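According to TrEMBL, the feature region 'Disordered' maps to 1-23. Annotation comment: TrEMBL describes 13-23 as compositional bias 'Basic and acidic residues'. Per TrEMBL, coiled coil is recorded for 73-107. Look at TrEMBL and you will find 87-334 tagged as domain 'Deacetylase sirtuin-type'. Residues or ranges marked as active site, proton acceptor in TrEMBL: H192. The annotation Zn(2+) binding site is assigned in TrEMBL to C200, C203, C230, C233.
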Amino acid sequence: WRSKPEPTGVSSRAERKALEKARIQQRESEREIFRLVGRVLKKPEAERSKEEAAVLLRHRDTVDELSKRQVRRNVLKRKQEEVFDDADELKNKVRQLATAIKQANHLVVYTGAGISTAASIPDYRGPNGVWTQLQKGHTVNSSDLSKAEPTLTHMCIKMLHKEKMVKHVVSQNCDGLHLRSGLPRSALSELHGNMFIEVCTSCSPLKEYIRLFDVTERTSLHRHGTGRRCSHCSGELRDTIVHFGERGTLEQPLNWKGAAEAARKADVILCLGSSLKVLKKYACLWCMNRPASKRPKLYIVNLQWTPKDDLAMLKINGKCDDVMRLLMEEFNLQIPLYDRTEDPIFSLATPLQAEEVNSHSREVIAPPDGQNCSSNSEGQVKEATAVQGGWFGRGYGKGRKARKKSA
Ligand SMILES: [Zn+2]
């Protein structure tokens, strides 16, 4: 019976198998052509043999496809590259920026991770620095962020606000450094939250607790409870962080109202160290409902490509700190230095209740030397003292005061 013609079911299975085999062979031969063409294209034209030139002519479609892929790769590469303006160009561009700032009626500053890269801790810099990792989308132990201190850029922004040149600051950063620079809270919107702030949303108005440590150690996407309780209503406190894919609605510290109002009034927007990849999605920050000519003038300081570059009056390819230093020179203003004794976080902070002292394991921002931080509970002081000789102590040793003492 084996020699009998096979029933149709079996025959179609054989057909299917043959078809599948043909498809695999087809794919394999296409891949082979891609490899071959790719190899030939890599050679300089003059070095290609007649046979190789013929291969390219025979497979025009493959040549086109490979060239398209190469163009896409180059564009992507260019967008990630860091570009630096040379010293003269930088100076010239900053002069233009200074003129624009002087003429502005309502200057609003948008900031991103790039303004914190120079935070006084060496581990923040370089290809494996905290910020590089964050920018690559890797998660970083956020307790590291509490070691940062306001940079030259943070301090200059605060100064420009005091001089009434900057009206409002909209930040994507959660590191709390604008607040710690002394910028008044009314002039600040922290669109993605502040890692030192936890809030009670059961209380009305919302009750805020500023802490001297990173409150987010137990929180994550859609899980915002910090484990501590409101001293008024005993409701669980939550962090203020807005994760990717979440919608931030908290009044403080997000202050969307302030950000939207600032954008509405703005005639000049200065973007510092933000890739603008996230910010560009918030249409109200760019007055996109207005015709292009009625929108605020855009000035961008960033080493890398941003999606708003083509719309900018000026793109400055420099480090934020370098640009701010030159800008302060243009304005004849002295660069203010961060001074821990003037860091508002120590007076703003709410002490933990006795039973909460062990509710976290993050490092505490140490109060300045010699300052008895009255807002600290006993436990926190102990903990703050405990880290003095550790990582934080070393970072602090690099500060001005320590140098003065040793000089
Ligand atoms: Zn409450």
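Yeah, the Cβs are placed from backbone N, Cα and C, and that goes for glycine too.
Overlay of TrEMBL feature records on the structure.
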| residue | record | CB count, 10 Å |
| --- | --- | --- |
| H192 | active site, proton acceptor | 19 |
| C200 | Zn(2+) binding site | 21 |
| C203 | Zn(2+) binding site | 14 |
| C230 | Zn(2+) binding site | 17 |
| C233 | Zn(2+) binding site | 11 |
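Close contacts with ligand 1, defined as a Cβ under 6 Å from any of its atoms, occur at C200, C203 among the recorded positions H192, C200, C203. Geometry remark: C203 (Zn(2+) binding site) versus H192 (active site, proton acceptor), CA distance 21 Å. Across the structure, C200 (Zn(2+) binding site) and the residue listed as 'active site, proton acceptor' place their CA atoms 17 angstrom apart. Cα-Cα distance from the residue listed as 'active site, proton acceptor' to C230 (Zn(2+) binding site): 22 Å (rounded to the nearest whole number). Taken residue by residue with DSSP, C233 (Zn(2+) binding site) is part of neither helix nor strand, so it is coil. Classification of H192 (active site, proton acceptor) by DSSP places it in coil, neither helical nor stranded.
For the coiled coil (73-107), the model gives a mean pLDDT of 95. In the three-state DSSP scheme, C203 (Zn(2+) binding site) falls into the coil class.
Helix first, then strand, then coil: DSSP counts for the compositional bias 'Basic and acidic residues' (13-23) stand at 11 helix, 0 strand, 0 coil. Listed in chain order, the residues near the Zn(2+) site other than C200, C203, C230, C233 are T201, S202, K207, S231, H232, S234, G235, L237, each with its Cβ within 8 Å of the site Cβ centroid.
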